[in-house]
Structures are given as structure tokens and as C-alpha cells.
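Over in TrEMBL, the protein carries these features:
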REGION    27-136  region 'Disordered'
COMPBIAS  32-54  compositional bias 'Basic and acidic residues'
COMPBIAS  77-89  compositional bias 'Basic and acidic residues'
COMPBIAS  111-120  compositional bias 'Basic residues'
DOMAIN    229-398  domain 'Tr-type G'
REGION    232-380  region 'G-domain'
BINDING   238-245, 284-288, 338-341  GTP binding site
Amino acid sequence: MPVEGAEAVRARVKVAKKVAGPKIIKLSPARQKVDNETKNDQVKHSNAKRDFRPRQTKATKSMDISSVISDSPVPPEENRKLRNKEYGKTGRKKQHDDDADFERSEQSDKARRRKNRKVKGQQQVDLIKKQPTQRKDRPLPEILVFEEGMNAQDLGKLLHREPAEIVKKLFMLGIMTNQNQSLSKDTIELLAAEYGIESKEKVHEDISDIDNLYEHEMEVSKKSQNLVKRPPVVTIMGHVDHGKTTLLDRLRNTNVSAHEAGGITQKIGAYQVKLDDRLITFLDTPGHAAFSNMRARGAEVTDIVVLVVAADDGVMPQTVEAIDHAKSAGVPIIVAVNKIDKPGANPDHVMEQLMKYGLVPEDWGGDTIFVKISAKSGENVDDLLQMILLQADMMELQADPNQKAIGTVIEARLSKGRGPVADVLVQQGTLNIGDPIVIGDTFGRVRVMTNDKGRRVKKATPSTPVEITGLSDVPEAADKLVVFEDEKTARSVGEQRARNSLEKQRENTQHVTLDNLFDTMKKENMKEVGIVLKADVQGSTEALQQSLEKIDVEGVRVNIIHAGVGAINESDVTLASASNAFIIGFNVRPTATARSQADNEGLDIRLYNIIYKAIDDVEAAMKGMLEPTYEEKVVGSLTVRETWKVSKVGTIAGALVDSGYITKDSGVRVIRDGIVKYDGKVASLKRFKDDVKEVKQGFECGITIENFNDIKIDDQLEAYEMQEVPVK
């Protein structure tokens with residue numbers, strides 16, 4: 001039997017494995033020897049040094065590397081690197097293993113089958129996605145709640161129908177439209193009737209209308225099931241210097257009036273007093289005439305008005321105004337006749353005076369509570385508090401502390417360290433730290449809240465006055481406070497209200513028309529006093545601005561260029577300088593930079609802490625701007641006794657001063673038979689041959705008149721002067 005080679009044996013074994021699986025074949029010794037020799041030759045061949053040849057690409061021509069090496073001056077190591085760079089590293093020929101090739105082939109087939117299955121699955125998914133979804137018709141709503149101006153797409157979402165179906169339905173009704181065209185109210189109602197359902201137009205509530213929202217919340221609170229008793233809000237009103245703040249000092253055991261300029265209240269103060277474990281909230285309003293709006297605001301947010309009237313002074317103008325404010329607000333009045341311990345006090349006279357205004361004492365058959373007190377000594381002050389609590393019990397004052405808070409701004413200002421600050425009276429609900437709020441045209445989140453004693457609190461219940469920070473701007477006094485669900489809504493409402501306010505101001509801008517043309521021309525000819533006004537609180541700014549604008553000086557008007565709250569700063573000085581105005585500061589001071597800038601520019605800054613002094617100074621400045629006015633005054637009368645005609649001089653009249661006097665600078669009229677013949681000036685005045693300045697009654701004089709020589713005997717001469725008239 002011929003000896004088989006090693007390659008033939010391996011090929012036969014491989015075929016046997018494929019056909020019958022693995023099988024052990026026992027070789028003869030001769031075959032085994034040949035096989036071993038073959039393996040040894042292969043090992044020797046693999047360990048032998050290989051002949052390195054550079055790898056070639058199709059685009060590279062073969063070249064002899066030995067010539068490069070022999071000619072290269074570089075050392076062998078560098079030569080090897082150069083060779084690797086030019087031709088690449090030499091690779092070792094792989095020993096082909098048929099079993100490995102077979103396994104790799106099997107793995108490739110499996111991977112290819114997996115990839116094909118994945119691609120086929122993705123194709124099926126893509127095919128499903130491309131197929132249009134068949135939307136099942138959902139049932140129609142019972143009522144179509146729509147808004148005027150909706151289109152077919154909007155109605156399709158509400159009716160659960162395709163927009164094309166809506167357009168087709170309208171076309172069948174004789175209405176041509178498309179999916180994006182707005183539809184009228186009648187068209188939408190007709191479409192709803194075609195589908196056999198009812199329709200109802202959606203009414204939008206304007207959440208930016210804070211006043212209506214405030215009224216709505218007040219009405220809701222009245223119907224609430226969680227009502228509890230709340231403290232009464234009492235406003236102390238009356239004429240200036242009748243003892244309102246002194247009474248409040250007695251109630252609070254403090255001394256507020258001692259710290260107020262001029263001893264008069266110039267802003268609303270809110271305080272709480274405890275009596276028999278019950279709280280009473282007091283509002284102290286100014287009594288000066290300039291603070292009418294403050295008193296009106298105090299009456300609007302109050303439950304009871306305590307009218308303070310001095311027993312020695314009686315009913316005064318601001319007393320009557322306070323009565324009118326209380327009656328217009330519909331709140332009961334308790335009269336406190338103060339200063340009964342002063343000499344000349346007559347409480348009964350005060351009661352008689354108040355009867356003229358409908359305030360009849362209970363002792364005299366009326367329904368008005370009168371309490372005779374002395375705020376200074378404290379006499380009968382406890383009786384006054386008892387009457388207030390009795391009146392509050394009769395009114396059954398209640399509030400819901402669980403609802404969102406609503407309130408009213410009593411006062412507002414700009415604080416240097418804290419920004420906008422508002423004094424707020426919570427009327428319903430509970431105000432908490434972090435609540436998103438809108439006040440007037442401003443918005444924010446309650447950052448810090450302090451009570452009337454200056455202590456920080458986390459919440460404020462109904463009838464509680466608090467000071468809050470965290471607003472975007474300084475609100476106006478009497479603005480309403482409303483709490484919203486989130487800060488985003490509060491911001492949106494506040495910004496919308498600010499835009500509406502700006503548009504309203506633009507609409508109110510007066511344009512020149514034929515009707516107001518002459519008024520405009522008259523104003524342009526008037527002089528004006530430009531003022532930049534800064535005050536400590538919003539109420540004082542408002543009161544001072546209104547008082548200054550009411551000053552009536554003919555020919556001059558006040559122009560308030562800017563009015564705000566806070567310290568006088570550089571921008572105020574710049575504005576006043578550019579407008580040729582001066583600055584009035586009320587209970588505020590300029591910053592150091594503003595003061596320095598004003599001094600450099602020669603700008604006048606006037607600082608006040610009493611309102612009527614500011615008003616008087618501005619009025620004096622207005623009067624000082626007027627041109628002096630003169631009034632004619634007859635100072636003497638003369639009778640012509642003789643006349644002389646002198647060449648180069650004219651006619652000289654010899655006259656007797658019948659009354660008064662005549663001076664060299666006097667004006668003179670020539671009157672003949674009751675008719676004024678000439679009105680001119682004295683050219684010369686002499687006594688005998690001497691020039692004189694004045695001739696008095698009973699003396700004779702010689703007189704010539706400028707540009708007039710037709711003087712006759714018995715003519716009457718009237719001497720007059722133009723005297724300056726003081727501005728009233």
C-alpha cells in the first residue's frame with residue numbers, strides 16, 4: 001500500500017469528520033514517521049529568518065531595497081524606520097487554519113441571518129407607521145362650549161371630528177369656509193344644531209381686572225361656611241390739631257405725635273390695640289386739608305369711624321369733610337368730643353353743631369354714640385373703647401381665614417435697603433409669606449412681612465395691618481391686593497395691567513383741536529414753575545402734588561415734572577436741571593452724590609416736613625415770577641391861571657395846585673369842559689425860575705407838557721402816578 005502524504009491524510013480526516021463526525025484514525029508507524037518529519041520541517045521553516053520584502057500596492061512599482069540601504073548614509077536603525085515609513089511594516093503570513101475558517105464562516109452566516117431578521121422587522125414597523133391611523137368617531141359632547149372666532153380645526157377638536165368633515169358640513173349648510181377661517185357665533189350655533197347638540201359661548205373672565213376680582217372674592221367670603229369673628233377696623237378722623245393722634249397714643253401707650261413734624265399727622269398709620277383679649281385695628285388719618293384723599297381711603301376700608309372734635313374749637317371744615325366721607329362709605333360714626341378738660345370747653349355746643357349734619361346724640365333721641373373724653377389725661381377713653389366693641393358686636397363682623405387673601409394698600413413707599421414697601425390691611429383670608437400677589441399695576445411674592453410693632457410675622461389674618469416687601473414696583477395708595485395661585489399668573493396679570501395703564505395714559509394725552517387751541521396758546525404764554533417732587537410715602541406725594549397744582553396765581557402755573565417716593569437721587573437732579581426746575585423733598589433727603597451734583601449745577605433743593613410750608617413757599621415763588629403790575633393813581637389836580645408862549649420852549653402854563661401834589665415824573669392829563677384833550681408827561685416843573693421836583697397843594701408853579709402846547713386858561717390838569725400793585 002503506497003505511503004500517504006500528510007496533506008492527503010488531513011484532507012481525508014476532514015472529509016470523514018464532515019460525513020461521520022469526529023473519528024480517530026490509527027496510522028501505521030511509517031505514516032506516523034512521515035507525518036512527524038513533515039511537522040518538524042514546518043517548525044524549522046517558521047523559525048527561519050524571513051526574507052523581508054516591502055509590501056507593494058497596485059500603484060507602487062517594485063524596487064530593490066538593498067540598493068537604498070547600501071547607498072543610504074544613515075545608520076541601519078534609521079534605515080529601518082525610513083523603510084517602514086515608505087512601505088509600511090512587514091506582516092507575518094498567517095497560517096491558514098481550515099477549522100478556524102469554517103467557524104468564522106458559520107459565525108458570519110448567523111450574523112447575516114440576525115441582520116436580515118432585524119431589517120425585516122424594521123421594515124414591517126416602518127410600514128405600519130406609514131399606514132394612516134383610523135380615528136374612531138368619539139361621541140359628540142352634550143354641549144358645545146365655544147368661543148367666537150374659532151375655526152374648523154378648533155371645532156373639530158371639541159366635536160371629536162375631522163376638520164374636513166366640519167368644512168363639508170358647513171358647505172352643505174351653504175357656508176363656504178376653510179379649516180383656518182374664523183367662524184362667527186351664528187355659524188357655530190348653526191353647526192351645533194346640525195349635529196343635534198346644544199351650544200354655549202364661553203365667557204372669559206378678565207383676571208387682570210383686579211377690582212372686579214376683589215369684589216368677587218368679597219362676595220364669596222360673605223357666603224363662606226368658614227366665617228369667624230374678626231377685629232373691627234376703626235378709622236380716627238377729624239380736623240387738624242383736634243387730638244386724633246394724641247388719642248391713639250393714649251390707646252397704644254406710645255407717643256407718636258411727638259415725632260410728627262408740626263404735631264400733625266401727614267400719612268395714614270395702622271395700629272392694633274388689645275382690650276379684654278379682643279383686638280381693635282385703628283387707622284389714623286391726616287386732618288390737614290391737603291390729605292382729603294387719604295381720609296377718603298381711610299373711610300373706604302373701615303368698619304367704624306371715630307370722629308374726634310375738640311370741645312373748645314367745635315366743628316371745622318375737615319370735620320365736615322370727614323362726616324361726608326363716612327356717610328358716603330356707609331359706615332357708622334362714633335363722636336369723641338375731645339379736650340373736655342381745657343378751659344372754655346363746651347361739649348354741648350359741639351353736639352348742637354353736629355346735629356346740623358345728621359349726627360343726633362342718643363341722649364337726645366338719636367342713634368349716634370357720643371363719648372366725652374380727654375385724650376391727654378385718658379378720661380373716659382376706656383368708655384370709648386367699650387362703645388367701639390359694642391358697635392362691632394352689633395355689626396357682626398366676620399371673615400373667612402381659609403380663603404386666599406385680599407386687602408387694600410394703606411400706604412406705599414420706596415425703601416433704600418428693601419425696595420418697594422407697602423402697608424397693607426388684610427380684609428379677607430390669610431396672607432402668608434411666599435404668596436404670589438398683584439397690587440394695582442405691580443406684582444411680586446411676599447418676601448418679608450412685619451406687624452405694626454415692627455416684628456416679623458409669617459401670616460396675617462383678617463383685619464391685620466402689615467408691612468410687606470417683594471414687589472416689582474411701588475404701588476399706589478388704595479390699590480387692591482389679590483393673591484393668585486402661582487407666581488407665573490401673578491406676573492402675567494401684573495405686566496398686563498401695567499401695559500393697560502400705559503395705554504390709558506397715552507389715550508388721555510390731549511391733542512390740540514380747534515376747541516382747545518386758544519386754551520393751549522394761553523397756556524403757552526403763561527409762566528410755569530417746574531417742580532420735581534419726592535416724598536417718603538405715596539400718600540404724601542399724592543397730597544402734595546394735588547395741593548401744589550391747586551395754587552391759583554394768575555399768569556403762572558405749577559408743572560409737576562416728576563413725582564415719586566424715595567430719596568432724592570442723581571437722576572432727579574439731572575431731570576430738574578434739564579427742565580429748569582427745582583426739587584422739593586418732603587420727609588426725604590438727597591443722597592451725597594445728588595447733593596454734590598446739585599451744588600455744582602446751582603440747582604435749588606427745598607426740603608420740608610410740614611406740608612403747608614411747602615405750599616406757601618411754592619406760592620411765593622410763583623408770585624415772584626410775575627411781571628410787576630401797575631395801577632394808575634391820581635395824586636393831584638391843578639387849575640391853569642395863565643399861559644405864556646416862549647420860543648423854543650412852547651407854551652408855559654401857570655397853575656395852582658388845588659389838591660394833592662405834582663412831581664416832575666408825574667403823568668398829566670389836560671381836561672377841558674370834562675373832556676380829556678391830552679395825556680402825557682410833565683416836561684418841566686418850576687417855582688418862579690427854579691426847577692423843582694415836587695409842588696404841593698396851595699402853591700403855584702410853572703409847567704410845560706411834552707409835545708403839547710394847546711394849553712388854555714381854566715384848563716384842569718390831573719397829575720397821576722403808576723404804582724406797583726402787590727400780587728395777591
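Note that Cβ sites are derived from N, Cα and C of the backbone, with glycine treated the same way.
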Spatial neighbours of the compositional bias 'Basic residues' (111-120) far in sequence, C-beta under 8 Å, 6+ residues away: none
Around the Cβ of ILE340 (GTP binding site), the count of other Cβ atoms that are within 10 Å: 19
Predicted model, mean pLDDT over the region 'G-domain' (232-380): 76
Per DSSP, three-state class assigned to LYS244 (GTP binding site): helix
ASP241 (GTP binding site) CB neighbourhood, other CB atoms within 10 A: 18
Tally of DSSP helical, extended and coil residues in the compositional bias 'Basic residues' (111-120): 10 helix, 0 strand, 0 coil
Surrounding CB atoms that lie within 10 Å of the CB of GLY238 (GTP binding site), all protein chains: 28
